[in-house]
Amino acid sequence: MEQIKEYFHIAVRSIKTRSLRSWLTILGIVIGVFLIISLLSLSEGIKQTINQQLRSLGGEMIFVMPGDISNIMAMFTSGTKLEKEDIEAIERTRGVETVLTMSYQSLVARHGDEGKTVFMSGLSWEKGIEIMEKFQGWSLKEGEWPTPGKRELVIGSQVETEVFEKPVKMGSEIIIKGRRFKVVGILNSLGSKQDDSSFYLDLSLYQDLTGEKRGTAQMAMVKVKDGSDVNKVAEDIKENLLETRKRRVGTDVADFSVITSEKMGDIAGSIMAVIQFAIVAFAGIAIIVGGIGIMNTMFTSVRERTREIGIMKAIGAKNSAVLTIFLIEAGIIGFLGGIGGTFLGTVLAKSIEMYGQVHPLFYFSASITPGLIIFGLVFSFVVGCLAGFFPARQAAKLRPVEALRRYE
Amino acid sequence: MPTLVIKLENVWKVYQLGKVELTALKGINLEVTPGAFVTIMGPSGSGKSTLLNMIGCLDVPTKGKVFLKGKDISQLSETQLSQLRGKTIGFVFQEFNLLPNLDALENVALPMVFQGASLEERIKKAKELLASVGLEERIYHQPAELSGGERQRVALARAFANDPEVVIADEPTGNLDSTTGKKIMEVLTDFHKREGKTIVVVTHDPNIASYSEEVVNIKDGQIIVNHREAAQVLWSK
């Protein structure tokens, strides 16, 4: 132990002597670890946020949308709707308890003198409130739920300050297509920028405003009866929809997406897995490059210090002593790089998280766990030692007389 | 009869320089008795440095045997040899060969580190040794901050760190002016007389040889004269 302490001392001295090169080498590791820590913590944070949102969907929900989920843009822009017959078909499917229909569209809203295009969602309050509270995690920060049929609005948490210059308050008047609406409730954050900057109103009022045919909708959320198999119900809904379409328009091509929240989770999960894999792969490459940097520095160091190695061996250093000194040196470089990288990575991840809170694109937290930090430090130390091993072994194997003779 | 510190038995050393073979030592037989002060002299290229490497167990012979304290070094593992060398032999080199990153005290203490001495022990001994070579004021100076003579005195102190039985010096005054060189030789001689240590010095400087009791002349890889008897004559000066 006494000896290791002294070897450590010698290694530190040697790093200090070559400070510029040492720092450049450390920088190589810093970049690698920085990438790993920041990207992993952010992707882990995104994953957690997604999971949280999915959990708030509740396990027993089925979402029915026209179009194909795998082509999201086409789905939202196609303008296809769930017709009245479609909704009825969903409602009469076995195992379905409640069908909550929703529509959404961008409309111009005026607050004071200012007009802005905003996202409006229409949903039936009568059926809707309970489901939204229970399964979508909706809750009011202020005010109350609107009375069905009255021209009242609930706004997302960001509408208050982010949408109009003039803050929107409880009781503020919003004019949409010449009709006056009163803000009666403000929601707590729902976890996405789009949801939080939307306006919510009763579906029938929404349809009056937009001219959408009564009884139709853009999307339906289905609550399944207790004890029913969600996947089975989803299958049945699909079948019923297909049959309805066939009967009505004589085509057996029905383009619907019927997705359970579980499946949504699977989709999100597999996307995240791909992203994380890519992150680990790229950061891994960065670390390998950093490791090669250490190896290069250590080889140079061994060459430069051949004479020193010769001296140490002449005055009684065993091979293992020389090996240990060089390994410690490489380990320190790796470890310092790890500290720097972990620190910078944490700072970056936390700044992005803070930026996301101030200018919300989407909410996510950077997940920096003690485990991740320890991983960053240990990993970089190990990379340092591994990269230092071959140079160290080369140093240890030098014959004292050859080492002393060199550069004479 | 006491065990010989170092014994060389028909030692040959052949270097392979590309396609050319260079025989540096040709069947050397040499015995270093405990407490002797031996000078090895010879012109450059005579093989004296090679011989010194053999005596110091820094190199292994191509043919023949080297015994360190009666042990055939070819039978020792590299680790055992390092350990034994570190304990038995102290080195002084022409270029001082101090570690540039360590201060004087640390340089002197380093051989003790490799022998597993405790920190306290090392500091105490290193301070004593540095004081004995007159450097008590400079113990925290790095080699670059010391003059040539001071560096060589640090190197001398280091050579004595593990209380070795033999100190091997390769042109210890070669890089110093004559006054400084003389001081260094005085320190070395003093150690020899006071502690009764064995000293082996390689030099081409006859003045250095005058300090010793035994002069070995080497030429073309062979010992040509062994002036054991001449010692008295030299020493009486």
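Cβ coordinates are placed from backbone N, Cα and C, and glycine is handled just like the others.
Worth saying up front: this structure is predicted, and the values here are computed from it rather than measured.
Among the features that TrEMBL reports, domain 'MacB-like periplasmic core' is placed at A:22-239.
If you look up TrEMBL, you'll see A:281-399 marked as domain 'ABC3 transporter permease C-terminal'. Broken down by DSSP into helix, strand and coil, the domain 'ABC3 transporter permease C-terminal' (A:281-399) contains 101 helix, 1 strand, 17 coil.
Per TrEMBL, the feature transmembrane segment maps to A:20-42 (among others).
The transmembrane segment annotation in TrEMBL covers A:271-299 (among others). With a cut-off of 8 Å between Cβ atoms, the residues of this chain six or more beyond the transmembrane segment (A:271-299) that come close are 21-22, 24-25, 28-33, 35-36, 39-40, 43-44, 46-47, 50, 326, 329-330, 333-334, 337, 379-380, 383-384, 386-388, 390-392, 394.
Look at TrEMBL and you will find A:320-349 (among others) tagged as transmembrane segment.
The annotation transmembrane segment is assigned in TrEMBL to A:361-390 (among others).
The average pLDDT the prediction assigns to the domain 'MacB-like periplasmic core' (A:22-239) is 82.
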